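Participant: Following this message is one structure expressed as structure tokens.
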Amino acid sequence: MGKASKDKRDIYYRKAKEEGWRARSAFKLLQIDQEFNIFHGVKRVVDLCAAPGSWSQVLSRNLYVPAKQSPDCKEGDFPLIVAIDLQPMAPIEGVIQVQGDITNARTAEVVIRHFDGCKADLVVCDGAPDVTGLHDMDEFVQSQLILAALTIVTHVLKVGGKFVAKIFRGKDTSLLYCQLKLFFSQVTFAKPKSSRNSSIEAFAVCENYSPPEGFKEEDLYHLLEKVGTPSGADDLDCRSGWLEGPNKVYIPFLACGDLSGYDSDRSYPLPSTEGGSYRSLDPVQPPIAPPYKTALEMKKASSHGASADTIRPSADS
């Protein structure tokens, strides 16, 4: 199946290349902003798990570039965007890149230094583990990634700020919702139109960061565990079973994006060109140091070694 076939099957993949986005996920953040207006009044923003950089591109085009082009905005007033990832990524205009671990307190210190001691208005995270296809496992690992992101959020997000993170919907979604509600007065789970209906992916849109009175960052996980064990039992087993029945929690869930827009699960005909046949575009920016690069190099080296052994003449010939 060639590239043109994927362009036909995935309209957002094709549009991302046509509009200069590094990945189709850019449309998800754009559609979330259309519904929740998360970029309004934002001057400092952090993009967690940023590589390959499509969400950082959205932040740059919607915050930094308009300010730079405005004659009324001085250079010192430009929005500050910090992108964090373990993997390096190609530069983006107006984006400060930090190669680091979001679970490390030093990373939070680096972010605040870039903000001159101030805290962020918005934190976004589109990170996800390599999925296994086992939904319970994928949901658990993703929830742990969100809690890791929440760790840095409690250090770098200002009171009243916003947090947007990818989630996987499943049986423990109610628990995650209640944990996020500890820190945000308004939490909505949203499904952008560019996210496939067949996917368990959704996004937690958390507004008005307001941590509990007297909250200390080092007490985060103890506080989260108490949500899963309201009885205060010593054998803490964080779970969502008690949120069913009379304690059932109803989570606000919202589909966002233009209802008349493209359907991510539908195939669309390829556009006609003057030359006749459709020509598929290359990706805007391939990963510059993907985690699978070493594996590919080892495989290539081993295949070359095997080929050399095959064609090497024997001593008897």
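Just so it is clear, glycine is given a Cβ too, placed from its N, Cα and C backbone atoms.
TrEMBL labels come from automatic prediction, so no person has curated them.
Residues or ranges marked as domain 'Ribosomal RNA methyltransferase FtsJ' in TrEMBL: 21-209. Under the heading S-adenosyl-L-methionine binding site, TrEMBL lists G53, W55, D85, D101, D126. Taken from TrEMBL, the feature active site, proton acceptor covers K166. Sequence annotations record features per position, and here TrEMBL assigns region 'Disordered' to 271-317.
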Participant: Express in Å, rounded to the nearest integer, the largest CA to CA distance found among the S-adenosyl-L-methionine-binding residues G53, W55, D85, D101, D126 named in the record.
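Facilitator: Site span for S-adenosyl-L-methionine, by Cα atoms: 18 Å.
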Participant: Restricting to the same chain and to sequence separations of six or more, state which residues have a Cβ under 8 Å from that of K166 (active site, proton acceptor).
Facilitator: C125, D126, G127, A128, Q142, I146, E201, A202, F203, A204
Participant: On the 0 to 100 pLDDT scale, where does the domain 'Ribosomal RNA methyltransferase FtsJ' (21-209) sit on average?
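Facilitator: 92, rounded to a whole number.
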Participant: For W55 (S-adenosyl-L-methionine binding site), which residues in the same chain are close in space, meaning a Cβ under 8 Å from its Cβ, but six or more apart along the sequence?
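Facilitator: W55 (S-adenosyl-L-methionine binding site) has long-range Cβ partners S25, A26, L29, D47, V124, D126.
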Participant: Compile a sequence-ordered list of residues in the same chain as D101 (S-adenosyl-L-methionine binding site), six or more apart from it, whose Cβ lies below 8 A from its Cβ; state 'none' when nothing qualifies.
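Facilitator: D101 (S-adenosyl-L-methionine binding site) has long-range Cβ partners L86, T107.
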